[in-house]
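Annotated features in TrEMBL:
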DOMAIN    41-158  domain 'Calponin-homology (CH)'
DOMAIN    397-721  domain 'Kinesin motor'
BINDING   Gly478, Gln479, Thr480, Gly481, Ser482, Gly483, Lys484, Thr485  ATP binding site
Amino acid sequence: MAEAASLFSLSAAAVVEDVLREHGCRLSDRDLASRRTGEAAARRNEAAGWLRRTVGAVAGRDLPEEPSEEEFRLGLRNGQILCSALNRVHPGAVQKVVTADSVDGAALSAFQYFENVRNFLVAAQEIGLPCFEASDLEQGGKNARVVNCVLALKSYGDWKQCGGTGLWKYGGNLKPSASGKSLVRKNSEPFRRCQSMNEGEAPYEDAGFNGDAHLDCGDMSRSRPLKMLVSAVLSDKRPDEVPQLLESMLGKLVDEFENRLKSQNELVKAALKNGTDSTKCFSKSKVLVEATPNFSERKMDTSEIYSKHKQTKKEASGKVALKQHSILQQQSKHLEDLKANLQTTRAGMEFIQMKYSEDLNILGRHLFSLAHAASGYHKVLEENRKLYNQVQDLKGSIRVYCRIRPFLPGQVSSSTVGCIDDGNITIITPKSGKDGRKSFSFNKVFGPSSTQDEVFLDTQPLIRSVLDGYNVCIFAYGQTGSGKTFTMSGPKNMTEQTQGVNYRALGDLFNLAEKRKGTFVYDIAVQMIEIYNEQVRDLLISDGLNKRLEIRNNSQNGINVPDASLVRVASTMDVMELMNIGHRNRTVGATALNDRSSRSHSCLTVHVQGKDLTSGNIIRGCMHLVDLAGSERVDKSEVTGERLKEAQHINKSLSALGDVIASLAQKNAHVPYRNSKLTQLLQDSLGGQAKTLMFVHISPESDAVGETISTLKFAERVSTVELGAARLNKESGEVKELKEQVFSTQNSITNERFRIGAKHYSPL
């Protein structure tokens with residue numbers, strides 16, 4: 001009985017082990033290669049069939065139904081079939097297809113069919129198909145990539161036929177459907193080998209294991225676990241080979257079980273027919289029961305492996321979950337810290353903003369108080385200036401403005417001016433090898449960088465008083481070349497920015513008269529004369545005749561030179577034209593100190609007569625704008641002949657002006673106005689009937705420091721003169737009527753006397 005049991009015991013584990021020993025090592029070499037070859041052939045046949053259905057015969061050439069790799073390569077080598085198929089699926093994809101003239105395609109050169117293949121590959125790549133290399137169509141190329149590209153084109157064509165909705169994407173290599181069940185070797189050799197081993201035959205050597213393995217079929221399960229056999233078989237296989245290998249092994253295992261069961265059934269039948277009584281009671285169920293423990297044991301091993309794998313997976317999942325939980329907790333903690341930092345930062349920013357707002361408000365209030373104080377200071381300063389000017393007007397003081405000429409191009413910038421502070425100026429004077437300093441005070445001091453506009457703004461209120469009925473006199477004094485003509489008239493090439501006081505004063509008068517035209521009507525006239533060698537000449541004549549003019553002071557209409565041309569002007573352009581005429585007629589000459597030295601005193605006189613439209617009052621104003629010729633030292637100016645005579649007359653008239661200023665400063669009873677034509681012309685202005693301003697000009701050069709000191713001393717003496725309040729030239733309408741009546745009565749009396757006298761002396 002034991003012998004029978006030993007003979008007919010069937011172990012499932014032994015069958016599995018035998019199959020693994022027999023076929024485990026050969027599957028990867030034989031079955032896998034066979035399977036791959038079959039799959040490649042099936043894919044190639046599928047691609048060839050689709051090309052036959054799509055394009056048919058091209059150039060008399062057609063692909064076989066089941067082509068070999070060589071036939072498939074040669075059929076597609078010239079690229080015509082590929083280009084035709086692509087144009088059928090995607091019309092116009094390949095614009096140019098080079099065709100063959102003969103059936104065998106001999107007319108195509110290698111370059112021509114390469115052009116077809118290249119055009120196909122470019123179009124396929126634009127569509128998104130998996131491409132191949134042109135060398136794959138040559139001998140030894142990778143035929144599988146060509147097949148894969150054709151099948152992708154087939155998939156793209158099917159997608160377009162279905163409407164082409166969505167995004168097309170090729171799924172990759174698809175396994176062809178199996179045409180039949182894989183052939184599995186059917187034999188009972190492992191079973192017979194197991195039986196022979198049980199009977200005492202020598203063990204065999206298995207090539208599927210490392211080293212010599214002397215294994216007995218009966219105790220295989222006890223000597224080595226089944227999983228080690230499976231691991232040994234699959235250890236050197238790639239991941240993509242494992243499914244195919246397992247599929248093949250399972251098929252062989254099923255066949256082996258069938259063969260062994262069939263053989264064992266035959267043995268059982270023979271034993272039951274010819275055996276003893278003890279063997280007759282042996283049944284098929286007994287055999288199956290004998291096989292059950294080993295199978296159950298193997299099944300338990302498999303279950304144990306599965307449970308262990310499941311447990312390991314569960315533990316790994318638990319570890320991963322624990323790690324993720326830990327990471328999540330850390331991230332949550334970091335997030336809380338970030339939130340806390342954000343709250344702290346936000347609170348800090350709010351505090352900073354609040355503090356900034358408070359500081360800004362405090363600064364704003366402080367700035368407002370400073371601005372208010374500054375505004376008050378400027379108001380007080382302006383009021384002080386107005387009061388000072390009023391005091392000056394009441395005193396009749398002559399305002400003195402000092403202007404420093406900038407260095408001319410090419411001059412050495414060694415200035416004698418030490419300091420300028422509003423109305424004070426300090427001059428550096430070399431004295432016994434040391435620098436001495438002398439300070440002078442005036443109403444205003446303009447530095448070398450002062451502009452014409454800045455100079456005029458300080459004189460503007462004085463000039464505007466002409467329209468209110470006051471006489472005004474502005475004259476420029478200084479040595480030759482110190483910038484007097486530049487201040488009064490401007491440079492030779494004049495611009496709007498470089499216009500002098502004369503142009504700006506008249507322009508301002510016209511603007512102010514235009515603003516007052518609703519209440520006053522003004523009549524403005526201009527005279528322009530020069531005093532050349534103690535002769536008064538009219539600069540506005542155009543006939544070239546220089547007749548001598550007389551100066552008449554204290555005239556009722558305010559015109560001291562009645563014989564000079566009096567031209568009415570209505571705009572600034574009229575004034576500019578007249579002044580250009582006057583400048584052309586004025587006498588100038590070149591000296592060693594100045595190439596455009598004025599050789600005469602010029603005077604631009606503006607006569608203004610206005611009528612108040614409300615009261616009818618008449619006001620008269622007169623403004624003298626005098627550009628004095630520069631005082632000069634004959635030894636420095638190097639003048640001779642006529643220029644020497646001119647210099648002597650200039651210095652004499654300026655000396656007479658100094659005598660008049662000295663007499664006025666000392667308040668002498670007699671003032672020598674008639675010593676020169678210049679002082680006689682300025683008598684009305686210097687005699688207390690006008691508001692007077694003098695521009696004193698100095699040069700900054702160190703070699704002119706003597707003339708600079710002398711000029712500043714003269715200007716300082718002028719500033720001490722008090723002329724008394726200026727007189728307002730205003731007549732009411734009644735006074736005017738009375739004067740007209742008196743004038744008419746005087747004319748009537750004169751006429752009557754003339755008539756009576758004529759009658760008395762008439763002959764009888």
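We count from 1, first residue shown onward.
Any Cβ shown, glycine's included, is placed from N, Cα and C.
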Count the Cβ atoms, other than its own, that fall within 10 Å of the Cβ of Thr480 (ATP binding site), considering every protein chain shown. 24
For Lys484 (ATP binding site), what is the tally of other C-beta atoms lying within 10 angstroms of its C-beta? 26
Specify the count of other C-beta atoms within 10 Å of the C-beta of Gly478 (ATP binding site). 27
Can you give me the average pLDDT across the domain 'Kinesin motor' (397-721), rounded to a whole number? 83
Out of Gln479, Thr485, give me whichever of these binding-site residues has the highest number of other Cβ atoms within 10 Å. Thr485
Take the Cβ of Ser482 (ATP binding site) and count every other Cβ within 10 Å, whichever protein chain it belongs to. 27
Fewest other C-beta atoms within 10 angstroms of its own C-beta: which of the binding-site residues Gly481, Gly483 fits that? Gly483
